[in-house]
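Inspection log for the structure reproduced underneath, given as structure tokens.
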């Protein structure tokens, strides 16, 4: 997408409001759930990864509660390391969704409610046409009802936790999905300049443009600027096949970190980066799929690829 001067002006105004409220946006990371050999991560594996991330964040996001026993194994690790989790709930298919709710009911009582940052029902479910806006709204309301009946290890209720969703910025700005925004306590927007084939010269502009379009629609739909908002996924791969004018490399990932992620946070917008660690277990198939292994800011062996410092002066 080309950068729009009109939208840039609107974005600046919206960002100014955000920056007044929250100063520097928070940083978090999406976290994979499998080891290099494809086995599911244990509590010990998660503890090791969270220790590597601790210098940069205290919040992670996962896509599902039951897959690979994620909540069962990550919950205790996060609690031990002082992290909070955005817990994903996969809303399709029916058997998977039932397993997700069962995982919440079984493992949320074993940790403190302060370990949970919020619940995200679906991840780009609208973008993939997995669910209609009405169907996803119903699932969001259902999960809200489920967690309201669960108490933590100290007997505190999860009823006050926010329940929302995360989806691609472009489907959030589509008017026919407003029911999902209305049903959600909070909404996250994903935006990848890489998958739009942007040059490095335009990547950060495209990122800002996309996110601010989404934020503007979310604020308008909710009728308030006093809402929780995060970039749910963004980043740049460090290896693999180029996509149009977007080239994966460590230098380009570092540049996008500085010009896109750091700048977005400087305007007071919270950002969850995709992703924390490379996922070597992911298979190569065809086209540009080989980049899927290389989105981590850390290698799969926990080595930092480039500086994550931001200059907020």
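Placement of Cβ uses the backbone N, Cα and C atoms for every residue, glycine included.
Here Swiss-Prot flags 124 as active site, proton donor. The active site, nucleophile annotation in Swiss-Prot covers 233. The N-linked glycosylation site annotation in Swiss-Prot covers 202, 284. Positions annotated as signal peptide by Swiss-Prot, on the basis of experimental evidence: 1-23.
Features per Swiss-Prot, on structure.
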{"residue": "124", "record": "active site, proton donor", "Cβ within 10 Å": "17"}
{"residue": "202", "record": "N-linked glycosylation site", "Cβ within 10 Å": "18"}
{"residue": "233", "record": "active site, nucleophile", "Cβ within 10 Å": "23"}
{"residue": "284", "record": "N-linked glycosylation site", "Cβ within 10 Å": "12"}
Just the number: how many Å between the Cα atoms of residue 284 (N-linked glycosylation site) and residue 124 (active site, proton donor)?
22
In whole Å, how far is residue 233 (active site, nucleophile) from residue 202 (N-linked glycosylation site) when you measure between their Cα atoms?
18
Secondary structure at residue 202 (N-linked glycosylation site), reduced by DSSP to three states:
helix
Could you find out if DSSP has the residue listed as 'active site, nucleophile' as helix, strand or coil?
strand
Look up residue 284 (N-linked glycosylation site) in the DSSP assignment and reduce it to helix, strand or coil.
coil
